[in-house]
Amino acid sequence: MKMLTRLQVLMLALFSKGFLVSLGDHNFMRREIKIEGDLVLGGLFPINEKGTGTEECGRINEDRGIQRLEAMLFAIDEINKDNYLLPGVKLGVHILDTCSRDTYALEQSLEFVRASLTKVDEAEYMCPDGSYAIQENIPLLIAGVIGGSYSSVSIQVANLLRLFQIPQISYASTSAKLSDKSRYDYFARTVPPDFYQAKAMAEILRYFNWTYVSTVASEGDYGETGIEAFEQEARLRNICIATAEKVGRSNIRKSYDSVIRELLQKPNARVVVLFMRSDDSRELIAAASRVNASFTWVASDGWGAQESIVKGSEHVAYGAITLELASHPVRQFDRYFQSLNPYNNHRNPWFRDFWEQKFQCSLQNKRNHRQICDKHLAIDSSNYEQESKIMFVVNAVYAMAHALHKMQRTLCPNTTKLCDAMKILDGKKLYKDYLLKINFTAPFNPNKGADSIVKFDTYGDGMGRYNVFNFQHIGGKYSYLKVGHWAETLYLDVDSIHWSRNSVPTSQCSDPCAPNEMKNMQPGDVCCWICIPCEPYEYLVDEFTCMDCGPGQWPTADLSGCYNLPEDYIRWEDAWAIGPVTIACLGFMCTCIVITVFIKHNNTPLVKASGRELCYILLFGVSLSYCMTFFFIAKPSPVICALRRLGLGTSFAICYSALLTKTNCIARIFDGVKNGAQRPKFISPSSQVFICLGLILVQIVMVSVWLILETPGTRRYTLPEKRETVILKCNVKDSSMLISLTYDVVLVILCTVYAFKTRKCPENFNEAKFIGFTMYTTCIIWLAFLPIFYVTSSDYRVQTTTMCISVSLSGFVVLGCLFAPKVHIVLFQPQKNVVTHRLHLNRFSVSGTATTYSQSSASTYVPTVCNGREVLDSTTSSL
């Protein structure tokens, strides 16, 4: 036992300088409250604020000091009057002042362990007669301690009390460090740890999209661990810290001024997060007021809803968002506290100082130029508001009482008094078996729901619930208004919040990007970015990435995705369609008229002399070429695309095969005349038809093979420079379409060559001249068409219209050059549509529909020249 005592004294000496002197100095004076009882609870409260300079203690802390102290006394009185809670057991108290300093609090707390040391050592002091020595000034044996307030105080005290297994319950310490049961294994609290509060503060910032903020913390466990927890929560929500400042323990004005200057260096960080003790918060707000700095403050419960913090600096604090632990006012305490005055409250040695400070008067003769206090002064609703943590102080006292009650019922089942088993408390058993397992309804709570339950989790922590306040100016006065709450999730009544500039402030490193812009993040910083516009055809995958929708798609209005663009093609009602269709219809009508005239006058000399069979084939090809306009204007489909590919080349092949057959026939006839050869072969009508069909068949075979190798279909085509337009086209390249006309080009060239060769035929064969003119004009049309076709490839409307008009013009050239003169004679010069002469050649003659053989003739003739050879013109012109 002696070894144990010395070990304890040694460990205490490590914690407090001058402890042994204090322990043995009976003249050591301190202010304290001592009320004897069967069981005594210690109490630690910041009755005085921190002193400045060499002073340990400063002014009286009216709210957090005096009110909380009286709350403990009030709770002890109520428990001692309770017939169900610890009946027959009187609770006493031993209350000390911490002066808001951890080192001072530790020195004061040594008084709590004196009884433990004295109790251990008293067996060593015996009188000669064998009786124990009577000791003076015996310290009270402490069953448990209520306090402290600041986390730094509780940490220091907890390190001491654990050595003597004295349970401790704090009513205000929220540092996350205190949840570490390996270090603070006799500590509990009726408030939650700060990481809940840090989470709530981060969610408030995220709610208002404040992503770039500054922070200020008080030096010590409360501020440092609290702001560390906040920074972790902020990172999870992509909130950046512009500057992180810390206020030391010196409490010097210039240090607060320096912090304000640093905050002003970050103009984009309009929101400042405070995790500070109340006195530090007050000094910082005062420093901001001195330079008229305007910030939106988001403060922890160190600020809470205290009027004293903003007094004199209300205009700077206006619009602040503050958090306070969710609590309800204890109305019974209001009545108790308002009944106190210096004349009836003799057990509180600090109450007279509190009274003089509150009413700015003196209870004795005039001091400090103050007047004598009026005896009618009283605490009432006009000068008093219950401090926010009174409920937690009361709950802490009741929690200790409930634990002692359960322990007394277990160890002393046969009496309501303390039995020998509880004369010396087992602090470890009290803490682990009873205190951590308490579960009761909070006293004086008007609400009887789940929120009124007092209990501890496995770490000895209270439940995490917070109220959100807004500092406002209403009705000519400043006050705090509750605007929300947090209990795992955040609720805010945004409409009730007042802002310093009448609108929700912004606090961002960079301005928000426009809906069509992405954020280009700066290296190593998730809150600063450059806004880069997305391309018109891109959508936003997220706020950092623009993604190409791909060909044929376009982003939605909100850029959240893409949709398929409507297919664009020439419609029948478009101006681009009306023109070509009108021309094609006109050409088709003209063709029908020619066919009708030819059929009606099918047996006339002129029609016979024109080669009826080839003319009808030629007219069919012309009709088909006009029909191609309708195929090119129609909406592309596999069938339409097949008809386009088949019809375009085939229509030309029909026309030019007929013309080639005719010019070839004429050329062979007159070559035979020139050379004196036998009658040429295959110049009969049936032979010419078969030759023509053979030439057409070549084209049909080529196109058929092409259709087999490249199956007709459609495709959605988008020009790189016109991504917003999707053109529905046939799945064939423009070059392939023109290549398919290669055979037709060969036919055109051959026709042109033969037409040129037969250009000097006699007048009755001057149809060759008209064929030549037709071919020359056709070549000019197509030579003009090809450049236009390729140049306008970017505009399918112009390209299609050009194609249709060129095809129609080719038909008009054939009608105008070859058939118009014939129709004119048939209809308007019928006198020329008769047989008056016969053509006599040396060895050939042409009559009717063909050239016939003749041995000789005596008819007269008019000499003319065909290919340098004289021939006879003895019939009408064959036009």
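A Cβ is built for glycine as well, from the same backbone N, Cα and C atoms used for every other residue.
Of the cysteines Cys57, Cys240, only one is given by Swiss-Prot as the disulfide partner of Cys99: Cys57. The candidate list Asp77, Asp82, Asp301, Asp493 contains one residue that Swiss-Prot assigns to the L-glutamate site with Ser151, Ala172, Ser173, Thr174, Tyr222, Lys389, namely Asp301. According to the topological domains annotated in Swiss-Prot, Ala609 and Lys832 fall on the same side of the membrane. Between Asn292, Asn602, the residue that has N-linked glycosylation site written against it in Swiss-Prot is Asn292. Annotated range for transmembrane segment in Swiss-Prot, selecting from 152-170, 190-208, 646-664: 646-664. For Cys546, the disulfide partner named by Swiss-Prot among Cys531, Cys534 is Cys534. The disulfide bond recorded by Swiss-Prot for Cys240 joins it to Cys527 [selected from Cys412, Cys419, Cys513, Cys527].
Under a cutoff of 8 A between CB atoms, and with a sequence separation of 6+ in the same chain, the neighbours of Asn209 (N-linked glycosylation site) are Thr506, Gln508, Pro512. Spatially, by CA atoms, the disulfide-bonded residues Cys373, Cys412, Cys549 include one closest to Ser173 (L-glutamate binding site), and that is Cys412. Contact between the transmembrane segment (646-664) and the transmembrane segment (577-599) does not hold: fewer than three of their C-beta pairs are under 8 Å, each pair 6 or more apart in sequence.
If you take the Cα of Cys419 (disulfide bond) and the Cα of Cys361 (disulfide bond), they are about 50 angstrom apart, rounded to a whole number. In this structure the C-alpha atoms belonging to Cys240 (disulfide bond) and Lys389 (L-glutamate binding site) are separated by 32 Å. With a threshold of 8 Å between CB atoms, the same-chain residues lying at least 6 positions outside the transmembrane segment (803-828) that come near it are 579-580, 583-584, 587, 590-591, 593-594, 597, 601, 604, 606-607, 610, 615, 618-619, 622, 625-626, 628-629, 632-633, 648, 651-652, 655, 767, 770-771, 773-774, 777-778, 781-782, 784-785, 789, 879.
Within its own chain, the transmembrane segment (614-634) is flanked in space by residues 570, 572, 577, 580-581, 583-585, 587-588, 591-592, 594-595, 598, 607, 640, 643-644, 647-648, 650-655, 657-659, 661-662, 688-689, 692, 800, 803-804, 807-808, 810-811, 814-815, 818-819, which lie at least six positions past its ends and keep a Cβ under 8 Å from the stretch. Here the disulfide-bonded residues are Cys57, Cys373, Cys419, Cys509, Cys527, and the one whose Cβ sees the fewest other Cβ atoms within 10 Å is Cys419. Under DSSP, Ala172 (L-glutamate binding site) is assigned to coil, being neither helix nor strand in the three-state scheme. Taking CA atoms as the reference points, Cys361 (disulfide bond) and Lys389 (L-glutamate binding site) are 28 Å apart.
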